[in-house]
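Single-structure report; data block below.
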Amino acid sequence: QDEETQHSLECIQANQIFPRKQLIREDENLQVPFIELHGESTEYVGRAEDAIIALSNYRLHIKFKESVVNVPLQLIESVECRDIFQLHLTCKDCKVIRCQFSTFEQCQDWLKRLNNAIRPPSKIEDLFSFAYHAWCMEVYASEKEQHGDLCRPGEHVTSRFKNEVERMGFDMNNAWRISNINEKYKLCGSYPQEIIVPAWITDKELESVASFRSWKRIPAVVYRHQSNGAVISRCGQPEVSWWGWRNADDEHLVQSVAKACASDSRSNSNKLMNGNCSRDFSNGGDLSDVEFDSSISNASGAESLAIQPQKLLILDARSYAAAVANRAKGGGCECPEYYPNCEVVFMGMANIHSIRKSFQSLRLLCTQMPDPGNWLSALESTKWLQHLSVLLKSALLVVHAVDRDQRPVLVHCSDGWDRTPQIVALAKLLLDPYYRTTEGFQVLVEMEWLDFGHKFADRCGHGENSDDLNERCPVFLQWLDCVHQLQRQFPCSFEFNEAFLVKLVQHTYSCLFGTFLCNNAKERGEKHTQERTCSVWSLLRAANKAFRNLLYSSQSESVLYPVCHVRNLMLWSAVYLPCSSPSTPADDSCAPYPVPGSSPEDQPLGRSFDNLTTACDSSVPTTNRRSSDPSLNEKWQEHRRSLELSSLGNPGDDPFDGDSLSKQGRAPAGAELSVAAGVAEGQMENILQEATKDDVGLEEHLRGSLETVGKGDEIALDKEKRTEN
């Protein structure tokens, strides 16, 4: 009752809680050059060289004669003055903005303003997502009963744990149980309140295990293969230290996971009674490329069915050297002698410091002007694609163990909140087509990244007083890049398109929504972010046509086996590469609530589209047919088979151009914005053209439909205005 009263009070008094600030104009004739969002307050408007520059409590807006730059303040990582009169803004998603001023004094004034604006908040309520939600609720208070839940993520997200346990078919009578030992986060502050463990493991044993695992992150089951019952579980590293400590309850729990799989009544019918053909990986050492390739190709389908007894695979994301070095800090890895029915594999994934360095090198390369002549060698030297390759290989190893060998897998790194969710979430995406739907992907992100405590506030730098740059790292962005690689290789297997992922990258940092605030679910509960901010899933919902993959087929491959070699990976140009010129984004005056009487699919895309770039470009002609077209599927599947046989060449390209802005002309000298660029034409487009060469009429019809969908924000705005009129 107290929470409801507090929430109602906030809705009524939004203008007192988040008051508008006094606008300061450098010139009395200047006007705010954009339509403000609910709760947005412009503080400064001035003139740059051949441009109008404005700063609000949410964004930096630069309007040139033929183009517009918009960037949320929390997306800006640093601002510095270069060449006396030029501001150089580096963004967290690889953008770079350069703005030229007429005088040194003016440049310094804007430098101070921007540095004050992008400073991490002293309290979380200073982030714009709280003001945005409060003003939305106040504006639409009279319609709250009808539209008040639109900012919410949806029932499939809020009831995700219960729904997932039922969907995956856990045997809760004999094999597994739901433990409430972490109710109110009393055991582990970075874990969900409910976890799945073997049925015979008591809470007292779990407490003992927690004392032995880093940050009390005990082994918890997060996925069950619906056909064979093999599970994926995750945890933090064991605290072995130099003293070589061991914990009998931890050893018992890990072995019990494998036993619970065997006793799962739903999986017993799928197992052969004799033989053991589960493959051993190289114990005690890092997995080389040769070993990886042979490990996933040396067993036949018949052999992989025989997995009795099951041997649990412990996948340590670190290198063996890094795992041993962690013993000096009280960590370490499992000793095979103490876990007799288990096998330990080290994947050699880099830590956050190496990933951050790699990303900074990539950003520097992608924003060089002019285009460097040694592009390919420079790209290789960033090691970004190499890191993606190792991550994909790690996830694929989990998939082979679970799907083909029917072996349970336990994944961990050091603390279990960076590399661990990357591997587990990617493996689940490959194993289960549900997670490749729009709703399923939302559930996947909520469960593996948010519920299990990935430190978004520290990694993105928008937490309270999160000034430590050593804690920042684009871990989630790296994972989304891997999802994009899968989309390119399997263009018919995802219900959402590349635009969906590009938007998710932007709003991971923008702080327009409260989804990615704080470091864990406990903090989000204490700050009441779910009640006081909008969910990003209210924008990226299944009914939003702008994010729908027209090639999606629910009959595509059940389990995906991607090509993981570096030569098969491609730079995510829609996110990292600069366009030849900044361009005018779509309008931002859409309301976040539906128009009464209209269908869900025709609803506006929301003011949350703001002035961030739309992620589909309709200006480039495309040749598209729905994935349900038999000729398209036959030709694509034929091409996929040839790809798998050769393991050479580029995977299929997304048919969308991927340019997130429509070109409007070059920016004036001294002002450049690195924004999304077009995806190079590739094999997928050629296949689509071949599939449609005998049906020109249908091609033209669908091309027009796609152009209509691709307009993103603008089509939503037009629909809203027509409905109101």
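Placement of Cβ uses the backbone N, Cα and C atoms for every residue, glycine included.
Lifted from TrEMBL, the feature list:
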- C413: active site, phosphocysteine intermediate (ACT_SITE)
- N326, R327, A328, K329, N351, I352, C413, S414, D415, G416, W417, D418, R419: substrate binding site (BINDING)
- 610-631: compositional bias 'Polar residues' (COMPBIAS)
- 155-576: domain 'Myotubularin phosphatase' (DOMAIN)
- 588-672: region 'Disordered' (REGION)
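Rounded to a whole number, the distance between the Cα atoms of N326 (substrate binding site) and C413 (active site, phosphocysteine intermediate) is 11 Å. Under a cutoff of 8 A between CB atoms, and with a sequence separation of 6+ in the same chain, the neighbours of D415 (substrate binding site) are S214, W215, R217, G236, Q237. For W417 (substrate binding site), applying a Cβ distance below 8 Å and a minimum sequence separation of six or more within one chain yields S190, R217, F452, G453, H454, K455. By the criterion of other Cβ atoms within 10 Å of the residue's own Cβ, the least surrounded of the binding-site residues N351, R419 is N351. For the residue listed as 'active site, phosphocysteine intermediate', other Cβ atoms within 10 Å of its Cβ number 28.
For the domain 'Myotubularin phosphatase' (155-576), the model's pLDDT averages out at 90.
Less than 8 angstroms from the CB of N326 (substrate binding site) sit Q237, R318, G332, C333, S414, each of them six or more residues away in the same chain.
For A328 (substrate binding site), the same-chain residues that are 6 or more apart in sequence and have a Cβ closer than 8 Å to its Cβ are W242.
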